[in-house]
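Feature list (source: Swiss-Prot):
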{"type": "ACT_SITE", "residues": "HIS139", "note": "active site"}
{"type": "ACT_SITE", "residues": "LYS160", "note": "active site"}
{"type": "ACT_SITE", "residues": "ASP178", "note": "active site, proton acceptor"}
{"type": "ACT_SITE", "residues": "ARG244", "note": "active site"}
{"type": "BINDING", "residues": "GLY154, GLN155, SER156, GLY157, VAL158, GLY159, LYS160, SER161", "note": "ATP binding site"}
{"type": "BINDING", "residues": "SER161, GLU203", "note": "Mg(2+) binding site"}
{"type": "REGION", "residues": "265-270", "note": "region 'Important for the catalytic mechanism of dephosphorylation'"}
Amino acid sequence: MVAVVRTQDLLDNFNLTLVSGEDGIQREIITSDISRPGIEMTGYFRYYPKERLQLIGKTEMAYFLDLSSEQRRDRAERLCTDITPGIVVSRGMDIPEELKEASEKSGVPILQSPRKTTRVISRLTNYLESKFAPFTAIHGVLVDIYGVGVLIIGQSGVGKSETALELVKRGHRLVADDNVEIRQEDYDSLIGNAPPLIEHLLEIRGLGIINVMTLFGAGSVRSKKRISLVINLENWDEKKQYDRLGLDEDMMKVMDVHLPKATVPVRPGRNLAVIIEVAAMNFRLKRMGVNTAEEFSERLSTMIEKGELE
């Protein structure tokens with residue numbers, strides 16, 4: 001599913017004022033790159049990225065105003081092409097008449113922002129990159145546990161939703177159940193959220209669908225969370241050798257990002273919520289430089305070398 005972003009979306013989500021070119025507010029923005037047409041103001045348009053959103057700051061505007069009226073009209077007409085999604089003018093600067101005329105003629109929206117140029121670029125870039133980020137969906141449950149985004153996966157019926165319910169009761173926050181939408185917003189960052197249709201909902205076999213926010217309050221849910229850890233729940237297999245020390249760390253690749261993964265076997269009597277809670281705390285401990293498994297291994301090796309073990 002490819003996101004469609006239009007100039008109208010910028011008006012809806014940011015403190016922008018439409019100055020002219022209203023006919024083009026439904027133009028599609030196809031890239032997260034933003035162009036500052038500095039060299040174009042001199043008349044050099046050979047490599048003009050006309051498909052990008054254009055941003056005019058104080059420097060570009062000062063140069064533009066130093067041009068003659070005829071030159072300003074020429075630059076404005078060449079800036080406003082049939083595929084340019086819009087021109088944003090920062091710092092609340094007045095829009096020259098030549099630019100307004102070219103905007104109305106070509107249908108390129110001119111948007112005015114009261115913010116500084118750097119702030120405008122930063123916010124627009126972050127917004128567009130999140131919209132155009134690579135996207136996938138995974139069957140599982142995403143929970144925020146002590147600030148760690150834990151993605152719980154496993155075959156259907158293994159107890160993912162029931163475990164998430166117990167985690168919510170223990171004070172943690174549900175992000176998504178059953179279907180987790182994941183976007184790669186950076187080279188090493190995965191952000192998960194719930195589809196709007198099932199946001200805040202949990203499906204519990206025997207009970208049906210429950211609204212977590214209604215039952216437990218607004219503090220029991222959040223709209224999105226960065227995924228840091230994967231917990232794979234699987235039915236206990238007597239023939240399989242499970243990790244008992246934690247020295248070897250499995251990884252799971254989601255799009256271009258590798259995430260640490262722990263496999264937790266399921267059988268009666270095991271408190272999965274507590275185990276996953278501890279896994280999240282242990283993950284935080286590792287990020288702070290404390291690895292209990294490695295410390296135990298080093299302690300054991302030292303005792304063996306000293307001959308303290310018989």
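Quick reminder: no glycine exception, Cβ is built from N, Cα and C everywhere.
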Other residues with Cβ within 8 Å of the Cβ centroid of GLY154, GLN155, SER156, GLY157, VAL158, GLY159, LYS160, SER161 at the ATP site?
LEU233
Cα within 10 Å of GLN155 (ATP binding site): which of the recorded positions HIS139, ASP178, GLU203 qualify?
HIS139
What three-state secondary structure does DSSP assign to SER161 (ATP binding site)?
helix
Given a separation of at least six residues and a C-beta threshold under 8 Å, show me what packs close to HIS139 (active site) in the same chain.
ILE153, SER156, ASP178, ASN179, VAL180
With every protein chain in view, how many other Cβ atoms are within 10 Å of the Cβ of GLY157 (ATP binding site)?
9
Please work out the number of neighbouring Cβ atoms within 10 Å of the Cβ of VAL158 (ATP binding site), leaving out its own Cβ.
18
Of the residues in the region 'Important for the catalytic mechanism of dephosphorylation' (265-270), how many are helix, strand and coil by DSSP?
0 helix, 2 strand, 4 coil
In Å, rounded, how far does the Cα of VAL158 (ATP binding site) sit from the Cα of GLU203 (Mg(2+) binding site)?
13
Average the per-residue pLDDT over the region 'Important for the catalytic mechanism of dephosphorylation' (265-270) and send me the rounded value.
82
For GLN155, SER156, SER161, listed as binding-site residues, tell me which one has the smallest number of other Cβ atoms within 10 Å.
SER156
Just counting, how many other CB atoms are there within 10 A of the CB of the residue listed as 'active site, proton acceptor'?
18
Give me the Cα-Cα distance between GLY157 (ATP binding site) and GLU203 (Mg(2+) binding site), rounded to a whole Å.
11
Integer Å distance between the CA atoms belonging to GLU203 (Mg(2+) binding site) and LYS160 (active site):
10
Can you tell me whether DSSP puts GLU203 (Mg(2+) binding site) in helix, strand or coil?
strand
Around the C-beta of GLY154 (ATP binding site), how many further C-beta atoms are within 10 angstroms, looking at every protein chain?
20
